[in-house]
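Asker: What Swiss-Prot records for this protein is below:
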type    : residues                       : note
BINDING : 68, 69, 70, 81, 85, 86, 87, 95 : substrate binding site
């Protein structure tokens, strides 16, 4: 198993470190490290601290902050930036851009599970400028070109 360096920035998080919900879970649950409940109005976006910093270190990996499916489906709470990309050399606090895309207010409680952190392999590439691409069966077919739009 790959290891991930984590720094506790708020002592309350020492007993609330991210965990996998099940043995098959891909994401570690991130919690809202806040002093009191936050009310998020419809259409509002707030930046929520996690009280943690991570250091991926290995440039072959990156961490991604993703929404929790239940919060999105049942309460319309998603990420304001849709996906949070944490580069391997970033060492600052993990913050969760939290957007209420729904029509009712949402009350975020202290230490509530808010998002999930997934670590995945990535590959940096070297750009190669060409005049034409080698032909493929799809070509430049875009949205809906391989089925129903």
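One-based numbering along the chain as shown.
The backbone N, Cα and C atoms fix where each Cβ goes, and this holds for glycine too.
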Asker: Which secondary structure state does DSSP assign to residue 87 (substrate binding site), in the simple three-class scheme?
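Answerer: The residue in question, residue 87 (substrate binding site), is coil (DSSP, three-state).
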Asker: Look at each of the binding-site residues, 85, 86, 95, and point out the one with the fewest other Cβ atoms around it within 10 Å.
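Answerer: Fewest other Cβ atoms within 10 Å, among the binding-site residues 85, 86, 95, is found for 85.
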Asker: Mind giving me a neighbour count for residue 68 (substrate binding site)? Other Cβ atoms within 10 Å of its Cβ, every protein chain shown.
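Answerer: There are 21 such Cβ atoms around residue 68 (substrate binding site).
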Asker: Could you tell me the maximum Cα-Cα distance in Å between the residues recorded as binding substrate, namely 68, 69, 70, 81, 85, 86, 87, 95, rounded to a whole number?
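Answerer: Farthest-apart Cα atoms in 68, 69, 70, 81, 85, 86, 87, 95 are separated by 26 Å.
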Asker: Measuring CB to CB from residue 81 (substrate binding site), give everything in the same chain under 8 Å that is also at least six residues away in sequence.
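Answerer: Within the chain, residue 81 (substrate binding site) has Cβ neighbours under 8 Å at 97.
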